[in-house]
């Protein structure tokens with residue numbers, strides 16, 4: 001066992017320092033938002049109108065996705081189940097409390113305070129999802145201190161990108177295809193590029209699954225699948241927009257799922273199904289509908305997007321991931337580039353098409369709510385006219401469809417650029433010598449970081465159960481998430 | 001390994017053809033319903049009044065039941081966990097997208113379009129539940145292509161039955177005891193009758209559970225148990241009706257659960273508990289309260305129904321299932337006839353009693369909402385009188401309690417007849433030679449359809465762990481779902 | 001195998017007798033509350049205002065915690081997974097139906113009837129949580145009949161305590177730190193004191209975990225973690241109070257979780273993480289914020305409480321639990337005293353501080369809603385003044401902050417006293433000879449109460465996999481829940 005992986009000093013030091021910092025920052029900056037503040041309640045407040053009841057159901061669903069869904073999905077390695085599930089728990093918890101502060105400073109800060117409500121928690125869970133997706137690229141070859149450092153750096157970089165894109169470029173991205181999935185994918189690729197381990201390209205004896213870890217991982221997939229409509233619709237406008245987001249996500253996932261089964265069978269020599277496909281490729285549709293999830297893309301549009309995303313994702317796993325590992329020194333352990341990057345690009349493109357095709361004929365006047373930057377600016381007589389049809393319509397920027405489309409393109413490139421650079425820098429920090437990184441030998445092995453129960457004996461089981469040929473065969477089917 | 005079980009051509013062919021068909025049908029026929037259509041929003045629309053907020057919470061709960069609950073429950077075989085969980089995933093996904101179309105044509109079709117909202121998804125999940133219940137009868141001896149074919153045929157037969165019963169016979173069946181459970185049970189029996197395999201009556205060496213598969217299956221039971229009140233109340237009238245449906249379902253499940261434990265112990269020679277009882281019989285109460293779940297049956301009524309359903313279900317597993325297998329050539333693998341058929345019959349009978357006993361004294365004027373077919377017809381002066389008490393009461397058919405009861409009886413027989421015949425026909429199609437059906441040898445074995453992880457070795461484990469006596473003993477305790 | 005553990009007569013006898021009693025009591029006493037009663041609906045009733053829609057989402061979340069969360073968490077023993085999960089199922093189901101009656105008589109009884117709605121079920125699930133926490137103290141050394149007897153006695157003792165404290169002492173305890181957690185912890189300690197088994201102090205060969213049982217148990221923790229905000233906020237006032245309860249619970253759990261990881265690493269000789277800490281200590285923050293969860297303790301207050309509770313809980317597991325077992329004959333199997341007792345005491349103290357510090361400046365006039373006993377009594381002119389600011393404010397007792405604090409102290413001592421005595425008495429009854437208690441040998445072994453699948457062979461596996469040294473080492477790390 002490599003002595004340098006002991007967490008005895010490093011992990012507590014990190015946690016306790018950060019806790020002191022957070023206590024200071026929470027004490028000075030964080031207060032309640034009006035919906036959570038007793039003082040703001042008066043005789044005109046109806047308790048049932050509290051924002052809690054609009055946000056909490058979606059928050060609860062996303063909670064299950066983050067902690068149970070991701071947790072089970074990432075427990076797919078045979079000797080790395082503790083690590084997958086438990087590091088996910090640790091990283092997620094830390095990311096959320098850190099994101100409350102970081103996003104708070106950028107998005108919820110006024111009168112010298114961050115105003116906290118369940119809506120902040122929901123936003124913070126999305127920031128957390130970003131970190132967990134990036135985690136997928138480096139799972140197995142990183143320790144908990146490295147992951148916390150990744151979260152420590154990724155969350156503020158994400159928060160500033162999110163803020164800049166939403167405030168200055170101003171885009172439509174209800175399901176987060178650009179800001180969440182593309183950001184997370186390229187950040188993860190940047191980090192894993194720096195953490196490149198040549199020896200792992202030959203396959204690692206422990207880089208395998210087991211019967212139980214595969215089932216556990218499918219359970220994670222199912223929890224993500226089931227609640228994905230809540231994820232994609234959580235931050236849309238209320239009413240018909242959110243309704244469409246639910247429909248499109250469900251339909252996209254559905255078509256993506258059956259496509260994944262078909263592709264899995266057709267590209268298997270013996271015509272069998274591969275669990276890694278079912279654990280990952282089935283979910284591609286959820287990402288692919290993201291950028292246009294609240295638009296009038298029509299049900300069949302969502303269906304086709306699901307198939308397209310799934311297909312890209314499947315071939316990404318098959319050809320692109322091995323290529324990147326061998327030629328570009330990018331070891332994308334779970335293939336996040338396929339599930340979040342390629343699908344994110346398709347989704348962003350579809351979003352641009354939907355923006356270009358949007359007309360008042362299809363959307364009615366509420367087009368200026370969904371595409372809020374296309375609403376006429378303050379003072380424009382058309383604004384007053386529209387406000388009679390839609391009371392409360394906010395003035396926009398008066399952009400045309402083409403202008404909005406160009407801003408979307410700008411946001412895509414900006415996000416990819418910032419996240420890649422951020423990932424590279426974060427990778428360098430994660431690679432510093434006192435980060436308790438496991439040795440090449442110790443990768444994919446719970447024993448490095450956990451006290452193990454007595455029935456766990458990775459070495460012996462491996463000897464008994466498999467020949468070295470099998471090892472190599474197995475390790476090539478393991479790209480996940 | 002039997003070459004004919006390769007999915008390489010068959011599964012993709014089925015999926016891709018169906019996808020083309022669905023894209024065409026979705027493109028031509030499916031549009032948004034008013035609650036999901038941006039154009040329908042105007043200055044009188046309150047976004048929070050969108051039907052999404054009434055339907056989505058129930059939809060989300062049913063999602064968990066369908067994908068996680070059924071998925072885990074059906075993963076109870078030791079060497080068939082991948083298949084149980086993953087075929088459930090595939091079949092469910094396909095069934096829902098197909099049911100959106102089929103039910104759409106019958107129930108949501110006007111102006112030449114199927115109007116899509118979350119309420120359609122919810123209805124489609126019920127159609128999907130029907131398919132998954134029937135799946136329970138043939139699990140272990142069918143492949144994924146056969147299951148997709150089953151869904152392909154069962155969904156439209158179900159949709160047309162549902163439509164005909166609701167439109168022409170017009171019954172009360174809020175929890176779906178007749179339309180969901182009876183239909184699914186007898187359809188499944190019909191199909192399994194055709195798929196009869198004499199050799200399986202002697203027990204199959206792999207028809208056993210393992211420690212982990214039993215625990216996984218109980219988890220599935222728990223997810224079904226926990227969300228069953230949402231299942232039974234999802235389609236009731238809002239308000240007190242839905243409230244009662246939640247209460248009755250919970251109480252019925254509760255009494256059924258403790259009864260199942262007691263019966264399990266009393267009929268075990270050594271006074272021990274049998275996991276198959278806990279996985280299945282505990283749930284009987286949820287079905288048994290179904291047909292009368294929104295009526296004023298009183299809490300004690302639900303309690304007694306739970307006990308009755310559980311008892312019938314338990315003895316069904318013990319005596320009826322083996323009898324049907326040996327004498328009637330009906331191999332009901334999971335005993336769906338006990339959990340859904342017998343309980344469905346009790347439930348239907350209880351529903352009829354509740355209808356016969358319903359009086360205005362107990363229900364007040366809202367009796368004519370719950371038993372909407374008993375409301376006075378258009379033009380009847382009593383209707384106007386009632387509409388003053390209950391604004392928005394719709395005219396009915398002016399049926400008496402006895403008339404309504406007779407229609408319920410008619411619906412029960414019609415449903416059983418159609419579903420049995422439909423199941424038989426479907427069984428014949430599933431039995432065609434190019435359906436990649438596993439050989440008798442290959443039943444209950446994941447290896448036939450999946451690339452397996454290296455720790456899976458069904459043959460060896462069996463040799464080491466059990467004598468042939470044990471095999472037979474085990475296989476007799478395996479009836480589930 | 002000890003013959004006396006057969007459930008063949010005892011379990012059914014218990015269940016059937018209780019069912020007869022319950023049918024009689026439900027028939028005579030239980031009716032619908034107004035929100036579930038068809039007769040109470042009239043032309044002024046808006047179905048969407050039904051209390052169902054305020055209560056059911058929280059009820060559903062708590063359902064998952066009780067059945068799935070606790071069920072998985074308690075399945076942490078290697079050879080006791082069936083028992084942990086299934087006895088939890090049985091005990092919970094029985095407790096809830098029994099609590100509906102017991103709490104019904106004390107809290108929902110008028111006009112000679114118990115009025116039943118989802119709110120009763122929610123309250124009953126809290127009573128059930130009390131029983132399940134106490135179960136944690138005696139898990140492994142008790143059989144199902146003993147557990148049902150425990151529930152039979154604990155539920156009414158809890159119901160009467162709850163009623164007396166809420167009606168006569170009148171306290172603030174939204175998250176149930178006093179009434180749920182302290183009660184459950186000291187009741188459990190009382191019972192386990194009577195059930196003391198000297199031989200278990202040396203460690204039991206089967207008192208160990210396995211790789212899969214540890215993962216299953218973490219899943220249980222995650223489900224509890226994810227839905228804990230619903231648990232703590234379910235019974236608060238609606239609006240900003242409930243909003244704060246969600247925020248505080250989430251923040252408290254977050255800080256508690258990262259602290260648990262840090263402490264786990266720092267106190268492990270080899271700097272590794274211990275799964276038992278992650279399964280249990282992470283949750284301490286949820287209990288610790290309980291008593292003040294709806295007050296204006298500020299976000300940083302919740303953060304600090306999470307750290308404090310976690311620290312106390314961690315050291316409790318490390319030093320107090322072994323001490324109690326060796327010196328005080330209190331074998332607290334899962335360490336419920338750490339997770340519910342110590343944290344409950346900190347929480348109660350924090351609640352008292354929050355009460356003493358509460359001012360109108362911070363809370364505005366709604367202070368008299370949260371601290372309802374501080375509202376001016378009927379007839380006080382200040383009441384009329386306040387009612388203009390907050391319509392519907394109910395008259396209170398006119399207590400000062402200090403008076404309320406003293407009542408809180410009284411409630412804490414009263415609750416601990418009653419629960420300890422109740423636990424001792426219940427322990428005596430559980431210890432009676434016909435309760436099918438397992439022998440010392442048969443502890444922590446599913447085989448005693450279940451028909452086991454053929455791959456379960458506790459004896460053989462133990463021989464193969466571990467030396468006796470390992471056994472002792474393992475058994476010392478097993479305190480949970």
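Just so it is clear, glycine is given a Cβ too, placed from its N, Cα and C backbone atoms.
Listed features, source TrEMBL:
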COMPBIAS  A:460-473  compositional bias 'Basic and acidic residues'
DOMAIN    A:22-433  domain 'Ammonium transporter AmtB-like'
REGION    A:460-481  region 'Disordered'
TRANSMEM  A:12-32  transmembrane segment
TRANSMEM  A:56-77  transmembrane segment
TRANSMEM  A:89-110  transmembrane segment
TRANSMEM  A:116-140  transmembrane segment
TRANSMEM  A:147-166  transmembrane segment
TRANSMEM  A:178-196  transmembrane segment
TRANSMEM  A:208-228  transmembrane segment
TRANSMEM  A:248-268  transmembrane segment
TRANSMEM  A:280-297  transmembrane segment
TRANSMEM  A:303-320  transmembrane segment
TRANSMEM  A:341-359  transmembrane segment
TRANSMEM  A:405-429  transmembrane segment
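Contact check: the transmembrane segment (A:147-166) against the transmembrane segment (A:89-110) gives at least three Cβ pairs closer than 8 Å, residues 6 or more apart, which meets the contact criterion. Distant neighbours of the transmembrane segment (A:12-32): 94, 97-98, 100-101, 104-105, 109, 112-117, 145, 148-149, 152; these residues of the same chain sit at least 6 beyond its ends, with a Cβ under 8 Å from one of its Cβ atoms. Within its own chain, the transmembrane segment (A:208-228) has Cβ neighbours under 8 Å at 61-62, 64-65, 68-78, 81, 249, 253, 257, 275-276, 278-280, 282-283, 286, 466, 471, 474-475, 478, 480, counting only residues six or more beyond its boundaries. Between the transmembrane segment (A:405-429) and the listed ranges A:56-77, A:89-110, A:178-196, A:248-268, A:303-320, the one holding the most Cβ pairs under 8 Å is A:178-196.
Taking the domain 'Ammonium transporter AmtB-like' (A:22-433) as a whole, pLDDT averages 96 in the prediction. Sequence-distant contacts of the transmembrane segment (A:341-359) (same chain, at least 6 residues past either end, Cβ-Cβ under 8 Å): 172-173, 175, 177-178, 181-182, 185-186, 189, 284, 287-292, 295-297, 301, 305, 308-309, 312-313, 316, 320, 367, 370-371, 401-402, 404-405, 408-409, 412. When Cβ-Cβ distances below 8 Å are used as the criterion, the transmembrane segment (A:178-196) is approached by residues 126, 129-131, 133-138, 141-142, 150, 154, 157-158, 161-162, 165-166, 171, 287, 290-291, 324, 328-333, 336-337, 340-341, 343-345, 347-348, 351, 408, 411-412, 415-416, 418-428, 430-431 of the same chain, each at least six residues removed from its ends.
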